[in-house]
Amino acid sequence: MAENSIKRPLLQDGHPPDATQKKSPPPPRRFRRCRTAPSSDAMQDSPPTSENTRHHGRSAAEKPVSPKEMLGGTRPSFRLVGVLLITYLAAGTTTFYLAMDHMSGDRTGSRVLDALYFCVVTMTTVGYGDLVPASGAAKLLACAFAFAGVALVGTFLSKAADYLVEKQEAILFRALHLRDADRARTLRAMEANKVRYKLYTSAALLAASLAAGTAFLVEVEGMRPVDAFYCVCATVTTLGYGDRSFASVPGRAFAAAWITVSTVVVALFFLYAAELCTERRRRALARWVLTRRTTTTDLEAADVDGDSRVGAADFVLYKLKELGKISQEEIAEFLEEFDKLDADNSGTLSPNDLIVAQHVI
């Protein structure tokens, strides 16, 4: 009687469970929604059924737009900028070729090469002064191409150089960690030292660029090593004193490509050096925030809803605010959006809440 009085749980089909059937493991622990942040359970719930999908006219397999896809349309693509750069160089070379009679200074035997050389020197802001506009019309053309070239070519070269640095960075890292068998640890180390590897790579490219320019000026232009190095440094830093420059036909052909690359490599080197200093300060701040002892004042500041309890999401958001990763205004905006989506006021989001909120909006 005692055994018969025990109620056995039934499955969905009405039959008792098999004694040999293994119990399913408990679901992983999830942090429920605190008043400072929405829960992640809503993203893990099952999508609406096909009946609800047909009723509301929405696809159950609809994927959210990633930040990379969303921000991709705000900036011109690498291919588009490349096409614009080629168009700019072609238009500039053609324009200055036609206006070469209104230019004064040292010329070579190639009218096209002089026009291309002047276009490159103008857009990279080197401005040697060995070839300058003489008439009013030529000066106005130079002003127009100077503004357009700095904006357009700077964008293209930044994308191209950054892509090159990323590739060289990966090669350098694989060489340094060739015997490291722990893949996860390797990836973490690569992410932690990403800026440093960029600085090393840009420094190597800068050294190679300086060496190539100096060797070319010594061998082709016939300069002394000191004068050649002086001209190279004045060029890559866009000083362009003008007392030393590329004068021969091979020299200006080399300068059209070398000046374009070297000036951007120098800019990237100083950019990554400044970024590395900023990264070190940020890591020092993060280390201080993570190691200092939590006090009662911290708990009061993290308790946004005033219920004298601080959940995991509250604590994480408080630490992010200390690191400067997020502001109180941004948290308030997120909570406002959450309240709009929480149609049943349950404190959690579900697909049904999203459907109801979309119809309300």
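The chain as shown is numbered from 1 upward.
Cβ atoms are placed via backbone N, Cα and C, with glycine included.
TrEMBL lists 1-71 with the feature region 'Disordered'.
According to TrEMBL, the feature compositional bias 'Polar residues' maps to 39-51.
The transmembrane segment annotation in TrEMBL covers 78-100 (among others).
Residues annotated as transmembrane segment in TrEMBL: 137-157 (among others).
The transmembrane segment annotation in TrEMBL covers 197-218 (among others).
Summarising the annotation, TrEMBL assigns transmembrane segment to 253-274 (among others).
Feature annotation from TrEMBL assigns domain 'EF-hand' to 329-361. Regional average pLDDT for the domain 'EF-hand' (329-361) in the model is 81.
Here the transmembrane segment (78-100) has Cβ contacts under 8 Å with residues 107, 111-112, 114-116, 118-120, 122-123, 133, 137-138, 141, 145, 148-149, 152-153, 155-156, 159-160, 163 of the same chain, all six or more residues outside its ends.
Under DSSP, the residues of the domain 'EF-hand' (329-361) split into helix, strand and coil as follows: 23 helix, 0 strand, 10 coil.
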